[in-house]
Amino acid sequence: MNNENEDSVNKDTVSKDPMRDSLMSGSSEDEYSDEDEENNNTPVVGSVADNSLDLDLEYDMWQGQFEISKPQPRNHGYQYYKEIVKTVQMLQQQVGVLAENQVNSDDRFSRVKQDNAAYQARVVMLEEQLRETELRSEERQAEEQRRSKELINRIEREKQLTIENYSIKLSSLEKDKNTVDEDSKRLKSQMEKLQKEKDALEDRVSEAEFSASALHQENSKLAELSRREKEEMKVERERSAQVIEELRCEIERLRTAEENARKRSPSIDPQTAQSAELQATVKQLREENKSLVDQVEDLQAQLLHSRLEEGRVLVTATNNNSLAAEFEAMSSEEGALYGSDSVEKLKKSLKDAQEANQHLRAYIDGILLNIVENYPQLLEVKQK
């Protein structure tokens, strides 16, 4: 193929350069004419000028065309010869340049041929690389397809597992929802029950406060009566102590007199009998005083016990059976027997009952607040 291209290039070069062939043939003819001119001293142009038309033909290499010159006189032949010599020399120079150009063209052709061979080898190598690249791409594509299938299968398995897990979670959440619904219903019923209890407790607290106010007034009255009773008892004790002291002094006096009488006479006189009677009276008075003190202590203990019981009844009392009603039913004599200490204890028990009531109210409010914060749906009214 390369040889055919080279032959075609040579043929084209030969066929497309007729000017060079004509110049080469013209140059050889000119050389022969010069030799004839040197030998015969006859100008070549004269033979050309002796034609029938008497015209000279000149070939201009620069213009690339023939020109017809006018006839010249014969005495100017030598001048024509010089011009022809110059023209021939110029043509020889041009032929040399063309020969060099031909050589350069041949060099370029050989280089182009070498480049063509290198390019063909390059093309072959690139075709081999292309085939290898295609094979590698096909292998890579097959590997990618295999990996894609494996990835798709793995994703499908993971999706199936995820669906199963979410199904299990969904069932668990449904169970939790049912449990929460049941708890909400139960808590709602408990809340309603606690609300009712709270209302009842508030009513009882209001009643207890009213009873406490009445009890406070009654306690003030009882305290006044107890104070008066204590003052009277104190006066009686002072009187009893004074009488006892007088009796003791009298007994001492009588004892001294008795001893003096015994010293004077061993017989028993009427003063001795009187002193014995006085001693018996003092002993009886001491026993009565001790009995009164024991009775006062028993009454105070009874008052404390009664107030504690009445304080308990005050918290859980009804309208018909309350501590205020019992106080109203008490007689004035029983109220006069209570002391100030028992009244203070009763106030303390009433204060404890009020604190317990406040704690219970705070507990109920905390339960309601917890329900409002955590289960507000229990307070919502379901619309049918």
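Positions of Cβ are set from backbone N, Cα and C atoms, glycine also.
Bear in mind that TrEMBL entries carry predicted annotations, made automatically and left uncurated.
As recorded in TrEMBL, the features of this protein are as follows:
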type     : residues : note
COMPBIAS : 8-20     : compositional bias 'Basic and acidic residues'
COMPBIAS : 28-39    : compositional bias 'Acidic residues'
DOMAIN   : 320-382  : domain 'FIP-RBD'
REGION   : 1-48     : region 'Disordered'
REGION   : 174-200  : region 'Disordered'
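For the region 'Disordered' (174-200), the DSSP-based tally of helix, strand and coil residues reads 27 helix, 0 strand, 0 coil. For the domain 'FIP-RBD' (320-382), the model gives a mean pLDDT of 61.
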